[in-house]
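Residues or ranges marked as domain 'FMN hydroxy acid dehydrogenase' by TrEMBL: C:15-371. The annotation glyoxylate binding site is assigned in TrEMBL to C:Tyr41, C:Tyr147, C:Arg182, C:His266, C:Arg269. Summarising the annotation, TrEMBL assigns FMN binding site to C:94-96, C:Ser123, C:Gln145, C:Thr173, C:Lys242, C:Ser264, C:297-301, C:320-321. Under the heading active site, proton acceptor, TrEMBL lists C:His266.
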Number of protein chains: 4
Amino acid sequence: MSEDKSNQYNAPTEVKEIDIVNTFELEELAKEVMPSGGYGYISGGSGDEYTKKQNIDSFNHKGILPRVLADVENPDTKTTILGHNIPAPFIMAPIAAHGLAHATKEAGTARGVSEYGTIMSISAYSGATFEEIEEGLKGSPRWFQLYMSKDDELNKLIVDEAKKDGATAIILTADATLSGNRETDIRNKFVYPFGMPIVSRYLSGSGENMSLNNIYAQSKQKISPKDVEFLTSYSGLPVIVKGIQTPEDALLAIGVGASGVWVSNHGGRQLDGAPGSFDTLAEISRAVGNRVPIIFDSGIRRGEHIFKALASGADIVALGRPMLYGLALGGWKGVQSVLEYFETDLKRVMQLAGTQTIEDIKHAKLFDNARYK
Amino acid sequence: MSEDKSNQYNAPTEVKEIDIVNTFELEELAKEVMPSGGYGYISGGSGDEYTKKQNIDSFNHKGILPRVLADVENPDTKTTILGHNIPAPFIMAPIAAHGLAHATKEAGTARGVSEYGTIMSISAYSGATFEEIEEGLKGSPRWFQLYMSKDDELNKLIVDEAKKDGATAIILTADATLSGNRETDIRNKFVYPFGMPIVSRYLSGSGENMSLNNIYAQSKQKISPKDVEFLTSYSGLPVIVKGIQTPEDALLAIGVGASGVWVSNHGGRQLDGAPGSFDTLAEISRAVGNRVPIIFDSGIRRGEHIFKALASGADIVALGRPMLYGLALGGWKGVQSVLEYFETDLKRVMQLAGTQTIEDIKHAKLFDNARYK
Amino acid sequence: MSEDKSNQYNAPTEVKEIDIVNTFELEELAKEVMPSGGYGYISGGSGDEYTKKQNIDSFNHKGILPRVLADVENPDTKTTILGHNIPAPFIMAPIAAHGLAHATKEAGTARGVSEYGTIMSISAYSGATFEEIEEGLKGSPRWFQLYMSKDDELNKLIVDEAKKDGATAIILTADATLSGNRETDIRNKFVYPFGMPIVSRYLSGSGENMSLNNIYAQSKQKISPKDVEFLTSYSGLPVIVKGIQTPEDALLAIGVGASGVWVSNHGGRQLDGAPGSFDTLAEISRAVGNRVPIIFDSGIRRGEHIFKALASGADIVALGRPMLYGLALGGWKGVQSVLEYFETDLKRVMQLAGTQTIEDIKHAKLFDNARYK
Amino acid sequence: MSEDKSNQYNAPTEVKEIDIVNTFELEELAKEVMPSGGYGYISGGSGDEYTKKQNIDSFNHKGILPRVLADVENPDTKTTILGHNIPAPFIMAPIAAHGLAHATKEAGTARGVSEYGTIMSISAYSGATFEEIEEGLKGSPRWFQLYMSKDDELNKLIVDEAKKDGATAIILTADATLSGNRETDIRNKFVYPFGMPIVSRYLSGSGENMSLNNIYAQSKQKISPKDVEFLTSYSGLPVIVKGIQTPEDALLAIGVGASGVWVSNHGGRQLDGAPGSFDTLAEISRAVGNRVPIIFDSGIRRGEHIFKALASGADIVALGRPMLYGLALGGWKGVQSVLEYFETDLKRVMQLAGTQTIEDIKHAKLFDNARYK
């Protein structure tokens, strides 16, 4: 059924490698091939989109200081996160409803991620089932991102299913207990054109033809440290709290057992008026003090951004919108092209910045532009 | 007579609920339905409109730091101000001449405010009589805003009338002892198309066909602490001094008996070149030290702005231009729509920021963007 | 002869009062009536016009803090400078070649200044003779601004003539020992369409058909403290050093006998890349410590600017471009209109800022916007 | 052969003096006469071109403070660098492939530089041979800029050849161990239309029809302090390390024998996201402490920029893009015109700033705009 709807929605279907000059262009190109409702949903931010814009602009608040005479050649982007070896310090961010970008839905993304060799984050608001996504993943590592039900028994069922599917970590999204004020979706009267099989057990319907506001409202609002404890205890998996923007919340999450801190403002889609995500990172990192890894997202569009995030305390970053644009433009091959673009770009940045390894980046000193203008 | 003029002026007359995506759009929509002279008067600022612009931009000098894991659900916007319980921390700001926006004049605004359940500020420059406004208010709480006459005997008469009408506080506007340099009105050769019955007893005419400059000049310029003492003593009501932009004036007003401090730059309509109102708030709040409540206006367009104002020391905010745009577009129902929009938006912000109550907002820490760019 | 040329140049000739909404519009209106070469000369700055733009923008680095409850009515703009009582704290700045703006040349400006009652600065690069200017001044106070000759004997002759004409002070322009890089004039191949009778005694010609570069090069480059001593001693008049932008030069000038410090960057016409003139004022004022008066120019377009300059240490300001636009648009009556506009605007600002006197402005505290954004 | 290709490429051939209002216009004019691939290569930066833009904008972070009463006349721009007396504190920067701008290639530039009397930097990526360049240089001083081969024996051969040609210093470019992310070249599918005879001994081909990425990749990546030692020791010439952007690298280079520090971010062509080159200069200069000279490039377009760079610690600056635009527009005469423009402009700035000598500039105090806005 959701298949039929998906056809009505007319998501792109092409599968091909894509040439990428930069990921800003990807957005423009994706806009041309995606239905406007789906494009608006994926590209849009909340409110004035101030925070969305700051996410990218804030990277210019710090400058990379290239170290020359650094004896660097063929920089090595490999790193490890929560026991997984990955070819580069980036993974797929959890995003709802990949079917808006491509008819292959999350399975398409998963295949691109799998072929490249990094970690897939499966969103609870996936439009595909775990089984469908596994067709793309083929055993590759995956983390499961949870929007909790108000009913913990249902949460247990969902966690059980994710574990059975092979998730090696649970991402608890804590910054989206309601939908942000997404004006583009309001203007488009956007509803999901297909269901959300994973969370449909706690929705009043399948998710199909439901608005974002409606779906968020049916998930749990009262997220608290107890939920971190519950998920840690029940799942036996590392739990990463996503949406952290303050040192206080990072410390709180670690205190109740979180195995990772995910610094993010949800791509500027939740609370507009929040600072650019990158602006909040360094202070959080100082509070975390390497006790747990830090995953960072919101605004990564270039290798320079990855470098700056890692030099400010992130262990890895997560890629969101550019990945779905790649999916829209080339299906799984497009996703793989995006990941390869970021690796190529990061390698060039590492070489030019004089850093041989990811560890070198983490010790690089950034330039504080704020002192100069 | 003013009724006839009002018809000539052709103020909007429609009464309907309005769909609000954001209040910036309301301005554009109101521009289409309002006569240009009236629209220019309400929307315009003074001079270069630097201060008017800063009023909105200055909110971006601080960022909201969302607290996650905050155990929040169904945030409660209710609060109390000077003994009144109101559903949300906002009231109607005093504005002159609502008849420019809608044929129902202040009575229309009053009904929308009354139906919603918050406090109406009645301007001394109202185009409607107390009796006409009461038709909309129907016993709801109201504060009376005074532009003083040069003759205190007339001020006593006006205060007597306001008390008889049921005002529970006097707002003394102290930042408008002359008209600001409103170039739009000068270009439009704007004159009020109807009289001002409340202050007509001290004008050389009814107010009809008189310019703003002319009317302001006939009111009292020499506002001093003695006026606060006089009004406090004569009225026996709490007196709130409006237009305060410095800690010094806040302390001065409190010292002579003011029961409230109203931080405002008159929506950027008086002295251009003054800082954005929000930029001045935190320092004033530190000086006030909770001895009297702080009311804040100038630039509130979103729930995020209300949150930032309260987190910077305001107890409530007052809404001005957006309310008159709501009035223009939908009469009393439009006014009610605007108030409901702000409540909905504030609730979303509270949920996403992790604040259950208004008191929680007042204790929230903001992010200082100035340190980063 | 220069009269014939002036006719060929086709300077405006109309004499009328002008309605002024703001002085920015005056510039646009003047552009329509003035020949393009003359307009480019008067309106243009040097290089990228960064400094010219900063002159106006820098006023927004500080905010006026309106004091309410200030017991102010009918503020008094009168002040005194070097023994002259003037109706408001502004005078005419020295500018070359008023004949570019109006056929009545400096005599037109002088009459407007005289009718208003403030001080005329007569430029050494005047296109009119002292006698012609006196026809407008009619005995009103005047200061004489000197571009020195390389030959002190000629300087003595010029000073003698200025004294005989009644100058009560000598303004030594020290920031223009060469022409700034005025690209507009270069593109227009601008040459003066008439002679400069006062300095023609040291030029290789009358000044007519000579470029700015040519004329500046024939005046003295090696301006030093000795020139201040020479002029002070020879003239017996107060000498004001114009073009000071550092505390060091202010102290140096005072040390060799200057009776006034004129803070200016020549309206952004000399060294581009210098800071906005207003940004340099407060520090210079602290160094001067009220030992001599400070005259300020560069960027004054509104009453708010005059207020900010005085609150930052200036005793009076000088008006340049807006005066010549007034001259272009209305001859001497236009000049008078500009002066009256500034007085009206300053009075409004004083009332709204809560300052009764010029002395009150000098004690007003400004708001430091730089701390907030 | 490369001659034939060059004809196919259709580089400009005109030789003439050019009138220069400013160098920004030169860029626009050069764009009209140059083939788009070559123009894109020369004008383009990397990534978002943030760093390229900052290179010019960052000069506005500091202001020149004109000193008046400074007793200056006919300022003297002459200076000395590494034993060479030059007429003004600027030299030709090393740039690849001048043949993109003009059919006379590096020989054209060399002649203009030689006629003016300053130092030519010969790039290892020159499209002309040493012999061809000598036709323009005619014995004038030259420095040789090296992109190292991975094979030190070949490096020795190249250094030998440069020494034989008369180079008095070796510039080791250390910030370009790979090509920057030059999107314009990617879009243009730009390849060099002619060979690079100097480095062709270590390329897989002549350089002709090869991309920048390809050529850079064939040069040496692992640049380290040992290379500075090797070049110093083998050549017996002063070695200047180019591309330094941190105090740490300046100290490192000096520690292993560098005779000069060249502060540069390669005109914003290498690592985008690096700070504006001027923003990094003062701190590096403090670290260097006059032990070796500092050469500065990236963003010099006006005499003001040269002044600010010298006042921030540079001993001389190097001119890049404007020189190639001059070459494109007028061949060697155009190059000479550009150099003369900069001298004229610098002299004017020196006069207006009150500095008689280059040493005076080095002791000038700049104004910190960052404190004010």
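One is the number of the first residue shown, and numbering goes on along the chain from there.
Yeah, the Cβs are placed from backbone N, Cα and C, and that goes for glycine too.
TrEMBL feature annotations superimposed on the structure.
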| residue | record | Cβ contacts under 8 Å, 6 or more apart |
| --- | --- | --- |
| C:Tyr41 | glyoxylate binding site | C:Ala97, C:Leu100, C:Arg182, C:Thr184, C:Asp185, C:Asn188, C:Phe190, C:Leu212 |
| C:Pro94 | FMN binding site | C:Ser121, C:Ile122, C:Ser123, C:Ala124, C:Trp143, C:Gln145, C:Ile171, C:Thr173, C:Lys242, C:Ala318 |
| C:Tyr147 | glyoxylate binding site | C:Ala124, C:Tyr125, C:Thr173, C:Ala176, C:Val199, C:Tyr216, C:Ser219, C:Lys220 |
| C:Arg269 | glyoxylate binding site | C:Gly44, C:Gly45, C:Ser46, C:Lys52, C:Gly180, C:Arg182 |
| C:Asp297 | FMN binding site | C:Ala93, C:Trp262, C:Val263, C:Ser264, C:Gly267, C:Ser277, C:Val317, C:Ala318, C:Leu319, C:Gly320 |
| C:Gly299 | FMN binding site | C:Asn55, C:Ile56, C:Ser58, C:Phe59, C:Gly267, C:Gly276, C:Ser277, C:Phe278, C:His305 |
| C:Arg301 | FMN binding site | C:Asn22, C:Thr23, C:Phe24, C:Ile56, C:Pro322 |
| C:Arg321 | FMN binding site | C:Glu27, C:Ile42, C:Ser43, C:Ile95, C:Gly267 |
Arithmetic mean of per-residue pLDDT over the domain 'FMN hydroxy acid dehydrogenase' (C:15-371): 97
Secondary structure at C:Tyr147 (glyoxylate binding site), reduced by DSSP to three states: coil
Reduced DSSP assignment, C:Tyr41 (glyoxylate binding site): helix
Secondary structure of C:Arg301 (FMN binding site) (DSSP, helix/strand/coil): coil
Other CB atoms, at most 10 A from the CB of C:Lys242 (FMN binding site): 27
Cβ atoms near C:Ala96 (FMN binding site) (within 10 Å, other residues, all chains): 23
Distance, C:Ala96 (FMN binding site) to C:His266 (glyoxylate binding site) (CA atoms, angstrom): 12
Number of Cβ atoms other than its own within 10 Å, given for C:Gln145 (FMN binding site): 25
Densest Cβ neighbourhood among C:Arg182, C:His266 (binding-site residues), 10 Å radius: C:His266
DSSP three-state assignment for C:Ala96 (FMN binding site): coil
Largest separation between Cα atoms (Å) of residues that the record links to glyoxylate, namely C:Tyr41, C:Tyr147, C:Arg182, C:His266, C:Arg269: 18
